[in-house]
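In TrEMBL this protein carries:
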type	residues	note
DOMAIN	62-174	domain 'Serine aminopeptidase S33'
ACT_SITE	Ser144	active site, charge relay system
ACT_SITE	Asp273	active site, charge relay system
ACT_SITE	His300	active site, charge relay system
Amino acid sequence: MFAYQPKPFEPPFWTRLGGHFQTIFGSFFPIPNIKYQKRRRFHTPDGDFFDVDIVLGDNTQKPYVVVCHGLESSAHSSHSLRIVESFAALGWNVFAINYRGCSGEPNLTLRTYHMGFVDDLDLLTKTIYEETNKRCTIYLAGFSLGGNIIIKFLGELGNKAYERCILGAAVSCVPLNPFYCQPKADRGFSKWIYVGRFLSSFKTKAEEQHKRFPKAFDIERVRRITTIGELDDYYVSKVFGFHGKEDYYRKNGSEFFLPFVRVPLLILQSKNDPIVDTEHVPQIPKSLPIHLFYTENGGHCGYFQGFFSPSYMAQEMSRFLGWINSGKSESN
C-alpha cells in the first residue's frame, strides 16, 4: 500500500505566493471538457430524493466511481467535472452525486445534507452493488466536505466496505477535524470571500425551508449568521438534532473515523489551504491502508498547474485509484 507515491505538485511560480492564488485560479482553470450522458433520480426511504449525474464507461464490467462534491457545490462544479473527466478517460462508469437541494431543485424534507450525512451515499453504493448482481468494483472520490463524508462512510463500514465491493477511495482538501478547521475558515480573508459565498447560498435555501417548516429553526437568527460556526450552531444542529456545533463536530469529523477505515485511502492535503487547517496532523497507525500526503501548495481544491494543464487533484485521484485497481497495492 505504502509503495504508492503521488507525483510532485509543481505549480507556476507566480501562483506560489499563497493559497488564495491557487484556490481562485484553480476554481476557473482548466475548463473541463466533459458532459454527462444522463441524470438519475434516487428516492430515499425518508420521502426525499437526490440526483446523480452519470457518464457511462466502456462497459458495465469497468469500475464504478462515485464522486462527492463540496459544500454548496454540485456535480456540475468545475472541480467535480475535472474529477469526472479524469475517470471517464479511464473508461470507468462515473456517478457524480448531487446532495439534496444541490441539483437545481429544492428537496422535499427538512433534512438536506451535512459533513457527515452518509445516508444517500449509502443508498447509491447499495444500488450499484445490487443492480450489478454484486459483481462490480466501486471506488469513491471526493473533495472538501465530500471527502469528509467519504471517510466517515468508510469508517462506519469498516471491513463491510469490501462486502459491498468498495475497494478504495481518494479525497482531497478534507476538513478532517472541524474543531480546528471551523475557526480557520471563519477569520480573515477566507471568511469574507469563501465563507460569505457559502452562507449566502445556505440562507437562500433556509428561507425556502422556513416557508415549509416554520418551527424547525429560528429564521431570524439564521439571517444574522456570519460564520460557519454560527451556521453549524443555529441551522445544521437544529435541523439534524445535534446539541450544538461541538456535538456535531464530535460525531462527524472524519479524523475520528480514520482508525476504522479498512480499504486503501489517499488523502491529499495542501499546506497553504486557506480554509482547511493542516497544522494539526492526525496520527494514523502504520497498519492502516491510508496514505496522508501533504503538498506545499495547492490552496483549497485549487491545484492549478496552468491554464491548459489538467488538475493535479483530479489527476492524482484517478492515478491512485487506477493503481489500486491494477492490483499493484496487493503485491507490495
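Just so you know, the numbers here start at 1 and follow the chain as drawn.
Using N, Cα and C of the backbone, Cβ positions are placed for all residues, glycine too.
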For Ser144 (active site, charge relay system) and His300 (active site, charge relay system), determine the Cα separation and express it in whole Å.
8
Per-residue pLDDT averaged over the domain 'Serine aminopeptidase S33' (62-174) comes to what?
98
With an 8 Å cut-off on Cβ-Cβ distance and a minimum sequence separation of at least 6, pull the same-chain contacts of His300 (active site, charge relay system), or say none.
Gly19, Gln22, Thr23, Ser144, Cys173, Tyr194, Ser270, Asp273, Pro274, Ile275, Val276
Give the residue counts of the domain 'Serine aminopeptidase S33' (62-174) per reduced DSSP state, in the order helix, strand, coil.
41 helix, 24 strand, 48 coil
Of all the active-site residues given, Ser144, Asp273, which residue's CB has the most CB neighbours within 10 A?
Asp273
Structural state of Asp273 (active site, charge relay system), classified by DSSP into three states:
coil
Using DSSP and collapsing to three states, where does His300 (active site, charge relay system) fall: helix, strand or coil?
coil
